[in-house]
Amino acid sequence: MSMDEDARWLEWVTKQFESIAGEDKEIDIDEFKTALKVKESFFAERFFALFDSDGSSSISLDELLKALDLLIHGSETDKLKFLFQVYDVDGQRTHTLGSIDPDELRTVLKSCLRESAISLPEEKLDDLTLALFESADKDNSGAITFEELKAELETFPEVMENLTISAANWLKPPEQEEKKHHAPRYLTRAYWHNNSRKLLFLCLYACLSLLLFISAMLQHRQGGLWYMVAKGCGQCLNFNCTFVMVLMLRRCFTWLRATWVVRVLPLDQNILLHQIVGYAILCYTLVHTTAHVINFVQLSESSGFSLWEYLLTTRPGIGWVKGTASVTGVLLQVFICLMVLCSSTFVRRSGHFEVFYWSHLSYVWVWSLLMVHCANFWKWFVVPGLVFLLEKIVGIAVSRMGGLYVVEVNLLPSKVTHLVIKRPQFFHFKPGDYVYINIPMIAKYEWHPFTISSAPEQSDSLWLHIRSMGQWTNRLYENFRQPENQTVSPKRLATSLRNRRQLMKAQEELFSSNCNGACYVDGPYGTPTRQIFASEHAVLIGAGIGITPFASILQSIMERYRRRKQNCPNCNYSWCENIKDSDMKLRKVDFIWINRDQKSFEWFVSLLTKLEMDQADEEPEGRFLEMHMYMTSALSKNDMKAIGLQMALDLLAKKEKRDSITGLRTRTQPGRPEWGKVFQKVSEEKKGKVHVFYCGSPALAKVIKAQCEHFGFKFYKENF
């Protein structure tokens, strides 16, 4: 915090105090918790005891501000003394600096774990306490003095840096981010440079739409202004209602990603462009309808038909198929508005994906009505429509071949269902690809897209990790949780490879004889991650279940990496040769995984552990694969309620050479990544062109993309 932020924080504390304190202008322990949003009783009681300088069991505003002013404006020693007193429970009555014994330290660390939502066994808590105590107790006296704690803290520069910046962070009031006034991101040179393909494509699209609009208006200028506007919008609708379909030709796009076209056209933005064209169709439809209504009002004044006859009947004879232009136009208006409304983010993200899915299938009715409504639409539609139909036929044929069925199911933390599907011999995919899956026992006609989480080199099965977020995914999870399905539920992922093959063989026989295990897969379809092997330095960022495409990619990368790895025949020492080939140009991979809670890391810990073990002891350019784990619910090192815990976790990780939270060699970092620092480090490594691949929430995607533009990194986001 800066001095201005400290002043605002003190002002916030004062207002909180005055709003809660009674007529006596003092607050007790319960009111203190409410005022500073401190929920954990241990830290609330310690802060209260230290602030209550006269021992009256209540705090006045003067006492509170005096203590906080010391924390903010005091010296480094003053802040360290306060931290020591919080840990020294026995010294609270005398307010003197005594010593911290092992029991006090254990109590503090236990409270730190609860504050950070970390659950560890009692034995691990004892190990953490012992690691920190042995490191700090330099003279082996059985107690930690103030000087010893100060010396220990000085071995952690990042902690001391936070102490000197400001101690106001220690009590962590609700975050109030300062609004920074920057130039709009869309006006920066970096944004235009990094989005040149998309922006150029949108400019060409806008110019073509304008050209179509003007040419149609000029061709019908004899009909009056509103008739010209209606015809101009109608011509744009002919183009857009066909183009919106072209943008969803997934098989064609997957094929084009392997060609030079991917360097010219924004193929990775097809979903975004599909949405933009969809909204354009809605706008053109509304203007087209409004212009016709105004034109009908004018015609009704000079003809024998009323406005309602023009709009809702075939009597005026408008249209090339028995005067049905108006009636079909009304139906088209209803269908298009319904499709746009049901495809809105709040519908898809609120657990009602099925509403989006079924309403979007009305595109068949829209195209059929357009054929009747407009005499020229078929000319626009015929070629793309045939390609679209061919894709659908191929998809149906592929999905019905091979007799696919689920051979294993694992129910993972955070309501994640891990499906293992028998992989047919004809099914070939690239790392990061996705498929559409239909499981009749869950919903007979519904198809849903999911990323493949297994590697292409894994020839016997296909993995999908599905998080329960909507009706279909919840039904899937609950179905395999029912007692009657326990006989077909699998063993845990820790089953050995030999036993796993025996298990899969037995389950294949069980599922093949049980129609409930049948499933259908349509795909695979390509994603932006296909560009990863053309990168030199790849940064993979997964948020939560967003790790699934990177699970496949990491396995495939390490499989190719093993080809470069060399082992000494006389010992276990290994090294990696720096070989560049057409198969893989990668020189460095940074994998960043962000999770909210501890259990979420259990999804792929076994896989990540194996990847860590596969790395060579020596590499010519440093570690090939670096992992970075972040747990957002854990308090960061600049929070006093977490300083001791994070120090203990660091010490124990160095001692045991593995992280206490995940069991990996990589230390799990608390809080959220500071993207500026993360990308600055990546930039300084100079391993070649940096490509950032992201899968996760759209909100975080905007933050990461802005940082990529700042550093000149190429950004790819999963869209399907």
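Cβ atoms here come from the backbone N, Cα and C positions, even for glycine.
These figures come from a predicted structure and were not determined experimentally.
TrEMBL annotations:
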DOMAIN    39-74  domain 'EF-hand'
DOMAIN    75-115  domain 'EF-hand'
DOMAIN    124-159  domain 'EF-hand'
DOMAIN    399-531  domain 'FAD-binding FR-type'
TRANSMEM  199-218  transmembrane segment
TRANSMEM  224-249  transmembrane segment
TRANSMEM  276-297  transmembrane segment
TRANSMEM  317-343  transmembrane segment
TRANSMEM  355-378  transmembrane segment
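The DSSP breakdown of the domain 'EF-hand' (75-115) into helical (H, G, I), extended (E, B) and coil residues amounts to 30 helix, 1 strand, 10 coil. When the domain 'EF-hand' (39-74) is classified with DSSP, helix, strand and coil residues number 24 helix, 2 strand, 10 coil. Summarised as a single figure, the pLDDT of the domain 'EF-hand' (124-159) averages 84.
Residues in the domain 'EF-hand' (124-159) partition by DSSP class (helix H, G, I; strand E, B; coil) as 24 helix, 1 strand, 11 coil. Residues 275, 278-279, 281-282, 285-286, 289, 292, 310-311, 355-356, 359-360, 362-363, 365-366, 369-370, 372-375 of the same chain lie 6+ residues outside the transmembrane segment (317-343) yet bring a C-beta within less than 8 angstroms of a C-beta in it.
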